[in-house]
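Novice: The coiled coil feature in TrEMBL is assigned to 1130-1189. Taken from TrEMBL, the feature compositional bias 'Polar residues' applies to 36-46. The annotation domain 'Ion transport' is assigned in TrEMBL to 764-999. Annotated region 'Disordered' per TrEMBL: 36-61, in sequence order. Residues or ranges marked as repeat 'ANK' in TrEMBL: 170-192, 261-293, 341-373, 448-480, 484-516, 558-590, 595-617, 629-661. Annotated transmembrane segment per TrEMBL: 762-787, 802-824, 836-856, 862-882, 902-924, 967-989, in sequence order.
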Amino acid sequence: MCTKSVFALLNKDVEEGYPEDRDNLQPLLSINNFYGENSRPQTNRPQHLGAPNITAHSSRSDIPTLNVHDQTSSAVSTPDVTPAADSEDLWPKKWRRSDRRLKRLNTELLEAIENHEIEEVERLLKSGANPNATCRLDLVSACHLAALAGGDALSLLLKFGAEKHRLDGLGRTPLHLAAFAGNARQVAILLDFPEEMQDRVDNDMSSDAEEDVKKICQLTKAMANVRCDLGEIRMHLPKTWKDNIDHDCREIKSALPLLQPGWTPLHVATSCVRVHCTRLLLAAGADPNICDEAARNALDVAGLGYYFDQQINAKHFTSILQMLLKAGVIPNTMKSNGLNNVDTPLHTAVELESIESINVLLESGASVRCLNSAGKTPLHVCVKKELEEPLQILANYSYKDADPFMAMVDVKDKEGHTVLQAAVEAAWVPGVCIALEAGADVTMKANDGETPIHSAAALGNLDVLTEILSVAKQKDFIDCQNEDGETPLFKSITHGHHECVATMLQEGASIKITLPGDVNVFHVAAENGLLEILRILLEFDDDNTRAMINSLTSSDRRGYGPIHFAVSNNHVQCVELLLSKNADVRLRTTSNPDKSSTPLHIAAVKNHAEIAKVILKFDKTTIHEVNSMGWFPLHTGSHHGSREVINLLLQEGADLSGYTDGPKKYRRTAIDMIINNLSKPTDFLEEIFDSYISTNRLSFQDSNCEIKIDYRILMPTTCEIEQMKVIEALLKTGNRYGQKRLLVHPLVESFLYLKWKALLPFFYTIIAFYSLFVSSLTLFIFSVFFYKDTERIPPIWLNPNIWGYIVYATIFLILCQELLYMNVKSNRYFLQVETWVKFGSIGLATILPPAILITPWLSAEWLRHVATLALLLSWLELMFLLSRFPNGGYYVLMFGKVASNVIRILFTFAFLIIGFTLSFMIQFHSQIPFEDPWAAFVKTMVMLTSEFDYEALFDEEHSKELATSLIIVRVIFLIFLILAGIVLMNLLVGVAVNDINDLEILGNIRRLAKQVEFLTILDSLFYNKFFSKILPEQVSKRIRNKRKVIGIIVLCPGKPRWKYNKVMPIRIRDAIMNIAQAQQKQIEDELGMKIFNKKLNEMYEIITKRDQQQKEQPVLNTTENAPGKMKVRHEEIVKRLNNLDDEMTEMKCQMCTFAEDSKSPVEKINVKLDQMSLEIDEIKQFLIRLERKLGSM
């Protein structure tokens, strides 16, 4: 059964209409009881209105309900047109489709009423359209539309039997809509007035007509007081009343007003200020005291349409008020204890600027304490709209509910603002004066704790502030504080009103008051960068300024002084002003949270380079101040990655090698922090080093060209006795970021070269001492063992005893030197291979001289071993010393690198070598040269050098012994030849010296590292306390002066005989010149870009100024002056074009002259550029390989 019904529903004809059982529904209205609760259909109540207050309605016994009998004749206005239930007899199935025509006619009827087509309406009604035609969306009937549209359509509908007392889906009757539209005739029709009276009230509502209406008010009273009900309305329309699906129901819905629940027609008429309809409804018995759901009567909603974009006539509004008050209405809103947060008629009167309406309401006892929907009183609305006269009236009226202890202008809005404070915030001076004249209290606080004087100070309007101060000063209230502890002076400072600040100080405002956290006015001004205000405060009272300029806030407010706030927020001019007023440049913050930092520390944290320049210009020594962590400003900037400040501090003499305070294992140098806290630190340091090579921007061929090399970054001024500290600190950072390549930077390498040359005499002394030791040891051993083995007598000058004493003398000199080394290098001294090589040679050399005096020892073999080892170690150490020389010293280190590579490969393939060693020993029956494992191993290693000695191994004698396994031995030998002799040895050579250029660079870096270490020792050695004490003062002084490197060296490329041109090698000098040239080009590019931007800005300013002038010129009559203007314009254009031609010609001449003058240098530069491009490609490839090598290290 269910399946059949669903199938039938899906397959029914849409035009066939609804099933027959739906045609038996009840009509919309009953004839006998058209407002009966059981018979009236209900629509859904709108969600925004909430649930209906049924109890409230039921409790009002004096308000008529909707159970009103139609007391008028139904012969014309309410005929019985309710359709009877459809039956088979009335609606045969063969006529079921005819309802489509009826729906179409109903739709056309609704549209004709909307379009005010009366003839079309009459035609449609005669053609069979139902006069109760209804829109399905909100159940809006034809009568609703006719009542709203006006005209004769409503009369026609009623004539054809339309129901006039219908409710639509939102509870509106046609009477409500007629009152909304102000259609008095439609109101009269709906109230069942006689036709003659309908004409009278439509034309003119005279007093006689009004009296005649009052005579029949008992008949119309119930209908005039009908209320808009938005309760539950659920119903189905009879199909004869429906429109078709083509009807635009949404257009009708948007055209009708949405009324408030509980409104009577009188509510609607007064809210829209329909004077004629209001007078008619009052005469017809409408009760003005009936309240809607919000407890508002007709007076309470008078003029409410103003807030819904209805055009309200002020005179009509006054008339409405007078009529309602004459009718005895008692307002529920305009009371001190009445309804709040609703728009009252008094608010509307103010909005309309209707003085007459305001007076009428005030005389009726209206209160100004009530709040509108925006939370404002009528007084506040006057301030908002700047209505001087209404405010004067409202502020000075004698109210019945006035508080004798408070002025009426002291009423507050929802935010707690009085009228005075609202006027202040609106910067409305007349309003402020009116409020003050009315006795406004300047001490009253709003909900946020602000007083009017605080608002005036924050506003910055000097006129307003002056008016307020005139009263506040009398009440000694100028230093009042809000909930945040702010005085009006703080408010003016915070908002940057310097004129207000000066005025308040002159009026007696105190600068000693502080905010919570010990924040004073100087802190606030400095933090916000208010220069003029800060100057006013600093110059106001010198005694208080000296006491407060260096005061600190509490730790919870950062523990800053004014200068710290200015530095932290990058207010350069404020810092300059504070320093000029004796602010402490070394003022420290509290220990928490900023660790007792100075202003320079804070600038380093924030990377404020301009601030740092100002501080250093004022006092350069602040660069050496430390905070509670023992950090210098350079450490702080390095930790936070402040690149600009780091560069500035280095230029001012900051020490890259300076350590932080604290336990030794936690101490760090500034360069270590830079390396580990900045991104791409090596590139950053290279850029810094590049900046210390500069030029005077002249051509290198010019004799006046100078290249300045500044070594002061490598020689901190705080400790001149240790010039190698910075480079030593650089080496201690390791090579994680490839920072060791900084050693080959021209600045560093040239410094090391100059330092080496300065210390070269001392190095020669060391070389001389050790060379004497090696020579004496060699001659001693030669005199002993050579003449003993040859059984010859040595000459007198080779007497072993004499050379033995010489050996001990040289050992003594070397030991004294080494003791000084140990004192300087401490633990690191014993971690180096050279140390043990040196002590090994000295120790073995010490044994030899006494050993020859003992005859048994002289013939012992171990003595020969000792002598051999001593000779080898001593000459090896001499090679290490010679590797310190700049020229060629890196070859020794290259030798060490190659040796390490060879040994590493041999260890890797040691198992292969051992395998072949044992195989050869077994196959050759432990015969010579494979008689034992060690001999076999040595022979195998010799064979790796291509000394195979094949004929000796496989001669006739060995062949007889190996007859049984000769083939196997030869196979093993062949495998050894391929794997070891060819593959392994070629691999060994290829890996050991795969790139000689890379090895050269790496060797140079290693040499420089060794040189740095050695120079550091020498540098510290000659400043050793012991060494200084044992040498004469003059000698010591000369030594110190000798080892110094000049801080700045100037090269002159255009002067070949310049004294510094030959100080350093050509390779280093060329590198320095390349950097200087790059720096010069960068500066020129930046200068050119700066000039270009300046020109663009000038052009923009000229164009903008011209546009403004053209806009300011009055518009002239173009028809009269057109020929003259065109002529002037043409002459101006020609003149400008001629000027452009002259300028272009002059520019061409200048360019040609310049090209001729610079032709030769340009050609040289082009050649140089071509050469440099080729060299750059080679350097790129070389650097790529170098980075790989450095990464592997």
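Backbone N, Cα and C define each Cβ position, glycine as well.
Please go over these features one by one and say how buried each is and what sits next to it.
Specialist: With DSSP classes pooled into helix, strand and coil, the tally for the repeat 'ANK' (170-192) is 15 helix, 0 strand, 8 coil.
Residues belonging to the repeat 'ANK' (261-293) score a mean pLDDT of 91 in the model.
Sequence-distant contacts of the repeat 'ANK' (448-480), counting only residues of its own chain at least 6 positions beyond either end whose CB sits under 8 Å from a CB of the stretch, comprise 415-416, 418, 420-421, 424-425, 427, 429, 432-433, 436, 440, 442, 486-489, 491-492, 494-497, 499-500, 503-504, 507-510, 513.
Within the same chain, residues 449, 451, 453-454, 456-460, 462, 465-466, 469, 472-473, 478, 524-525, 528, 530, 532-533, 536-537, 540-541, 544, 548 sit at least 6 positions outside the repeat 'ANK' (484-516) and bring their C-beta atoms closer than 8 Å to a C-beta of that stretch.
Within the chain carrying the repeat 'ANK' (558-590), a Cβ under 8 angstroms from the stretch's Cβ atoms is held by residues 522-523, 525-531, 534-535, 538, 545-546, 549-552, 596-600, 602-603, 606, 608, 610-611, 614-615, 618-619, 622, 625, 627, all 6 or more beyond its ends.
Proximity of distant same-chain residues to the repeat 'ANK' (629-661), defined by a Cβ-Cβ separation under 8 Å and at least 6 residues beyond the stretch ends, is recorded for 595, 597-598, 600-601, 603-609, 612-613, 616, 620, 622-623, 667-671, 673-674, 677-679, 684, 688, 691, 712-713, 716-719, 725-726, 728-730.
Cβ atoms under 8 Å from those of the transmembrane segment (762-787) belong to residues 756, 793-794, 798-800, 803-804, 806-807, 810-811, 813-814, 817, 841-842, 845, 848-849, 852, 858, 864, 867, 870-871, 874-875, 877-878, 881-882, 884, 1014, 1018, 1021-1022, 1039, 1043 of the same chain, restricted to positions at least 6 beyond its ends.
If one looks beyond the transmembrane segment (836-856) by at least 6 residues along the same chain, the residues whose Cβ comes under 8 Å of a Cβ in the stretch are 773, 777, 780-781, 784, 800, 804-805, 807-808, 811, 814-815, 818, 863, 866-867, 869-870, 873-874, 876-877, 880.
Beyond the transmembrane segment (862-882), the same-chain residues lying 6 or more positions past its ends with a Cβ under 8 Å from any Cβ of the stretch are 766-767, 770-771, 773-774, 777-778, 781, 784-785, 834, 837-838, 840-841, 844-845, 847-848, 851-852, 889, 892.
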Novice: Same-chain Cβ contacts of the repeat 'ANK' (341-373) under 8 Å, 6 or more residues past its ends?
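Specialist: Residues packing against the repeat 'ANK' (341-373) from afar: 294, 296, 299-300, 302-304, 306-307, 312, 314-315, 317-318, 321-322, 325, 331, 333-335, 379, 381-382, 385, 387, 389-390, 393-394, 397, 399-401, 408, 411, 413-414.
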Novice: For the repeat 'ANK' (558-590), jot down how many residues DSSP puts in helix, in strand and in coil.
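Specialist: Taking each residue of the repeat 'ANK' (558-590) in turn, the totals are 16 helix, 0 strand, 17 coil.
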Novice: At a C-beta cut-off of under 8 Å, are there same-chain residues at least 6 beyond the transmembrane segment (967-989) that contact it? List them, or none.
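Specialist: Here the qualifying positions are 902, 905-906, 909, 912-913, 916, 919-920, 923-924, 940, 943-946, 948, 950, 953-954.
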Novice: Counting by DSSP secondary structure, give me helix, strand and coil numbers for the repeat 'ANK' (448-480).
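Specialist: Counting residues by DSSP class gives 19 helix, 0 strand, 14 coil.
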Novice: Mind checking how the repeat 'ANK' (341-373) divides into helix, strand and coil residues in DSSP?
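Specialist: Helix (H, G, I), strand (E, B), coil: 16 helix, 0 strand, 17 coil.
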